[in-house]
Structures are given as C-alpha cells and as structure tokens.
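Participant: Below are the features listed in TrEMBL for this protein:
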| type | residues | note |
| --- | --- | --- |
| DOMAIN | 1-458 | domain 'Major facilitator superfamily (MFS) profile' |
| TRANSMEM | 5-23 | transmembrane segment |
| TRANSMEM | 35-54 | transmembrane segment |
| TRANSMEM | 66-83 | transmembrane segment |
| TRANSMEM | 95-115 | transmembrane segment |
| TRANSMEM | 127-149 | transmembrane segment |
| TRANSMEM | 169-191 | transmembrane segment |
| TRANSMEM | 220-239 | transmembrane segment |
| TRANSMEM | 259-280 | transmembrane segment |
| TRANSMEM | 292-311 | transmembrane segment |
| TRANSMEM | 429-449 | transmembrane segment |
C-alpha cells in the first residue's frame, strides 16, 4: 500500500508542471482560466470515484477496486499522450483525459482505509506519516522526472509504428502508464486481503467491532475534519496550479524554462516534505496531533502572506500583444526559439493588472515555496491521522472515501478559483483571499479544538497524551 501510494503520487506530479505549456501548444484558444478547469477535472474525477471505490472495498476484496482504478489511470495517461491528434477542440480532450486520470486516482481512499484497518491506534500516526512520506517521495521524483524529460524538447521525435509524437509533454504520461502496469502486478501478486470488519488493536490480536459502538462517532468532529481537510487541499491546489503561469508572468520564463525550473522547485519541496514527515512523527508523540496541525496552518499563512506583491518593480509585458497601442510599455520580453521564431514571454498584456501590480520577486517566490513545503505536509498527515482516530473501531472505507472526496472537491474548486481571480484581478487579490481562508481555518480549529480527539479518548478507553 505504501508503494501504491508512491506510484500514484509519481503518476500525478510527473505532468503537473507541463500541463500549462502543453495546453498552450495543442490549443492556442486556451487561456489561464481554462487551465483551472483542466486541473480541476482531475479532482472532479477523484471526488466522484473515491466514495464508490471506498464502498466497494468495504464489501469486496480490495484488489478489485485497486486493479480497476489503476487500469483506468493507465488508459487515461495513454489518452493524454495523444491529445495533439484531434483536429479541433484539443483543450476539451485534455479536460476529459485529466478527469479520467483523476477517476483512477480515487483508489487513494482504499489505500488509506487499508492502512487504518491494519494498524493499532498507537501505530496509526507513524503509519499515516510513513504513507505520506511515500507520497512525498513520489512528489519528489515526479517533477524531477518531468524536469529530466524536458531535455527531449517540445518537438521530440515521432514513433511511426504507434503514431505517437514522443516529446517532453507525452513522455511523462507514458512513463506514468508504465508505473501503473507495475502497480497492478504488485497488487495482484503481493496484497493480502484484510477483513474490513476486523480492527487491529495490536500487532498480533484481532478484535471484531461491536455493532453498538459504531454509531457513537462524533459527527461534528468528522464534519470539522472534512472542512479543515478541504481547506488544506484547496490551498495546496491553488499553489500547484498557479506556480507555472505565475513564474512565466513574473520572471519571463519560456515554456521549457517554466517546466524545468518549477520541476526542480517542486522536487526540492518534496524532499523538504520527507524531512517534515520524519520530524512530525517525533513531535506529534510529544505534543499531540492538534498543535502540529495548528502550527502547520500558521506556517502556510505566513507563506502566502510573503507572496503578496510589493515594491516599485513591475513585470515585463509580453511583447506579442503590444501592436497598435499607445499605452507606454514598462519592459518588453521575447525569447528566440531554435527554428528562428520568437516565443512571447512575460506578463500577457490582456491581463490588465500586469500594468499596475508590482512584480513578485524570485526570492519571495522561493521563500514562500519553502514555508508552504513545511506547513502543507504537516497539515496533511495530521488531518488524516486525526480523522482515522476520530472514527475509531469501524470499517473506514466509506468515511475515508468521503474525506478523499472532500479533498478532491477542494482540488477541483481551488484551480478554478485561483485561475479566475488571478487572470482577472491578479496575484494581490488571489493571495489576499487565500490568507483569509487560512485564517478562517485556524479560527475553526481553535474553536473545535477540544472535540478533535480520538474515539478511545472520548469514551475513556485511553487517556489523552
């Protein structure tokens, strides 16, 4: 299950930095606001699939939903590799491909419910942290592999026998499909089925769940956990969606540079997350899960606050949109391509805020990345751990499915929100609103602090540490 989570993470992050330039290349009618819908399509698919696969895993062997979901994921990645073939409406084909990739990723709920059911309460934080660390390791290798594959170039070379253009955009999706094949083989050969109606209280003893205990879950705590998880995933979805267009607008990077540099930055954040997960495992045993969650949200707030534009330096304006205009130009940017043409770089002129909003400095961008890279993984693992403890001794497939659906809803709305606000109003409004949302999450956590406790602590079976 750890390895399944790792491969799932690699399969997603390996294309995340190249979606925007790939979309621009296959369909020149697509703009930054449509990018939000493309990224959201993945999460919509995952949101729909998560409760379905979770319910399926509660009543049937977990191999079935896992193999089915991974097969869908493989097929969707192959579809993504052929998006340049249709003669029109290519951006809608990308939307559909990402939705199916997301549907296949609905197996995350099955993975987490399996781990929750196979661990005792004392083991739960460590197991969830290890699983999140595996996910972060995939988060490292995905962007790193995309950055490495960027050297194939935008044109790449044709593979006539399968009518494929193998380039820096299609290669990562095909590699993700190969990972999926490996994943299916491992699930079929290695996975041991657990009875969903049995909970492990220690490594050797199995205890059947009493039916009368199952109805005593604190539903307010469950709802609060889902809201907090929604906000945490919403924030990170905003961050991962806007990083490529933001860096291209502010630093005048070309499509290839944006894929390479953001791939390196995201890989570095993933490595940072591994360290955070290891530290969280130690700190949470000493001070508890809730203080770590609170501290993670505070760090995320600081990260987005630092990202607010300031100063008198303005972004370079994209030269291609300056024909027949009398508006004074602050700076012009263009980068020659190998074939002699010029790729427009800088902040697009049709984004009016480019003319009056100060540029975000590279130091701001990197500092913000570092802080978010600390806060997000801490919040992520603590929210999952708290949620599984709140549920107590109950088959968690459906509940984990709803939590994953909550996160998927956040990843669906986050990209749409930020792409619309960023395109129309600019980064100052976008990141100010995010700061307000994070602050609301901190207030909610503080207000519901005493209810977010483990099932066994609530009913006096274990004293709270």
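For all residues, glycine too, the Cβ spot is worked out from N, Cα and C.
Where in this structure would I find these features, and how exposed are they?
Facilitator: Mean model confidence of the domain 'Major facilitator superfamily (MFS) profile' (1-458) amounts to 81 (pLDDT, 0 to 100 scale).
Within the chain, the transmembrane segment (5-23) has long-range Cβ neighbours (under 8 A, six or more residues past its boundaries) at 30, 32, 34-35, 38-39, 42, 73, 77, 80, 83, 91, 94, 98, 101, 105, 107-108, 111, 131, 134-139, 141-143, 145-147, 150, 154, 168-169, 172-173, 175-176, 179-180, 182-183, 240, 243-245, 248, 255-256, 258-259, 262-263, 266, 270.
For the transmembrane segment (95-115), the list of distant contacts is 1, 4-5, 8, 11-12, 19, 37-39, 41-54, 56-58, 62, 65-66, 69-77, 79-80, 83, 127-128, 131, 180, 194, 196, 384, 388, 395-397, 399-401, 403-405, 408: same-chain residues at least six beyond its ends, Cβ to Cβ under 8 Å.
Residues of the same chain lying 6 or more positions beyond the ends of the transmembrane segment (127-149) and with a Cβ under 8 Å from any Cβ of it are 1-3, 5-18, 111-112, 115-116, 118-119, 168, 171-172, 175, 259-260, 262-267, 269-271, 273-274, 277-278, 280-281, 284, 377, 380-381, 384-385, 388.
Sequence-remote contacts of a segment are chain residues at least 6 beyond its ends whose Cβ falls under 8 Å from one of its Cβ atoms, and for the transmembrane segment (169-191) they are 1, 3-4, 7-8, 10-12, 14-15, 18, 21-22, 25, 62-63, 66-67, 70-71, 73-74, 77-78, 80-82, 104, 145-146, 149, 152, 154, 156.
Counting only same-chain residues 6+ beyond the ends of the transmembrane segment (220-239), those with a CB under 8 A from a CB of the stretch are 39, 43, 293, 297, 300, 304, 372, 376, 379-380, 383-384, 386-387, 390-391, 399, 402-403, 406-415, 417-418, 430, 434, 437-438, 440-441, 444-445, 448, 451-453.
Within the same chain, residues 13, 16-18, 21, 129-130, 132-133, 136-144, 146-147, 150, 168, 240, 243-244, 247, 253, 292, 366, 369-370, 372-374, 376-378, 381-382 sit at least 6 positions outside the transmembrane segment (259-280) and bring their C-beta atoms closer than 8 Å to a C-beta of that stretch.
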Participant: Below 8 angstroms Cβ to Cβ, which residues of this chain, lying six or more residues outside the transmembrane segment (292-311), approach it?
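Facilitator: Distant Cβ neighbours of the transmembrane segment (292-311) are 228, 232, 235, 280, 283-284, 357-361, 364-365, 367-372, 374-379, 382-383, 386, 426-428, 431-432, 434-435, 438-439, 441-442, 445-446.
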Participant: Below 8 angstroms Cβ to Cβ, which residues of this chain, lying six or more residues outside the transmembrane segment (35-54), approach it?
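Facilitator: Residues 12, 19-20, 23, 65, 69, 91, 94-96, 98-110, 113, 237, 240-241, 245, 397-402, 404-405, 407-420.
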